[in-house]
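K.L.:
Checked TrEMBL, it gives:
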| type | residues | note |
| --- | --- | --- |
| TRANSMEM | 58-76 | transmembrane segment |
| TRANSMEM | 88-108 | transmembrane segment |
| TRANSMEM | 151-171 | transmembrane segment |
| TRANSMEM | 192-213 | transmembrane segment |
| TRANSMEM | 219-238 | transmembrane segment |
| TRANSMEM | 250-266 | transmembrane segment |
| TRANSMEM | 278-295 | transmembrane segment |
């Protein structure tokens, strides 16, 4: 289409909205903010986001969707402990809440009624922080061009968290009241109270660090999965393979960490070259196997006793 020569549109994310199209001639508005669902092209014209999220984008959205679920499971386990047999039902309810919230969020995203979403491609880190690039042509007046250049990767996470919170408030209190009879009256709702704290924290984290998380989440998953697995194995005093087989819960925790570790490896490699990337998944059990094979040599009591004998 023909592009009319107009005064330069300043700012990294300011653009002109297409007002009308007459054949191959387009008429543009003043330089300003692009409407939701659009971002500027190379000619500073606001264009509809007609692409689809790539594999890495979906992996990022999956990571952001997993955060509240993992935190739900952690606090349910933390406050249930050995006092109640209702932890499993609460875990399943949390999984149901997050799954339904994810499906509803996708269905309400454009195009409505479909699990597919249209999006703009992420080009660089600044795309997440357009509010920092509003130009001031005369150093007095600021032209506000803040819009979602990474549509909808930024706002869809907030919508998902809102649905998670609403579903939790609708489902979990009724379930806990009926089945958590093994807990005291003050303890049975503590996992719900914890969610009322971590959801605002996750929201602020996405608002401030969404772009940083987008580029760093694979490495965050790898580091956290390794650290938490080591902490769990040491806290549970797991030293041999038979210790894992005694309690099924330990195996579930181990496999959960392996899944997270595999997710991090897949996110880094993006599986662009299957013949090179798939063998990397064989490294998933390596940290746990290394720990189990070396735990008996690093037991504090043994080190202390050998040190005492040495003196």
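One-based numbering along the chain as shown.
Cβ coordinates come from backbone N, Cα and C, glycine included.
Just so you know, TrEMBL annotations are computer predictions that nobody has curated.
Relative to the rest of the structure, where do these features sit?
P.N.:
Sequence-distant neighbours of the transmembrane segment (151-171) (same chain, 6+ residues past either end, Cβ-Cβ under 8 Å): 36-39, 49, 53, 57, 60-61, 64-65, 68, 72, 93-94, 96-98, 100-102, 104-105, 108-110, 117, 119-120, 122, 128, 192, 195, 199, 202-203, 206-207, 210, 214.
Sequence-distant contacts of the transmembrane segment (192-213), counting only residues of its own chain at least 6 positions beyond either end whose CB sits under 8 Å from a CB of the stretch, comprise 60, 63-64, 67-68, 71-72, 75, 78-79, 125-129, 150, 153-154, 157-158, 161, 164-165, 168-169, 172-173, 176, 220.
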K.L.:
Under 8 Å between C-beta atoms and at least six residues away from its ends: which parts of the chain pack against the transmembrane segment (88-108)?
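P.N.:
Those are 65, 68-69, 72-73, 76-77, 80, 114-117, 156, 159-160, 163-164, 167-168, 171-172, 175-176, 179-180, 191, in sequence order.
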K.L.:
Under 8 Å between C-beta atoms and at least six residues away from its ends: which parts of the chain pack against the transmembrane segment (219-238)?
P.N.:
63, 213, 244, 250, 253-254, 257, 260-261, 263-265, 267-268, 287-288, 291-292, 295
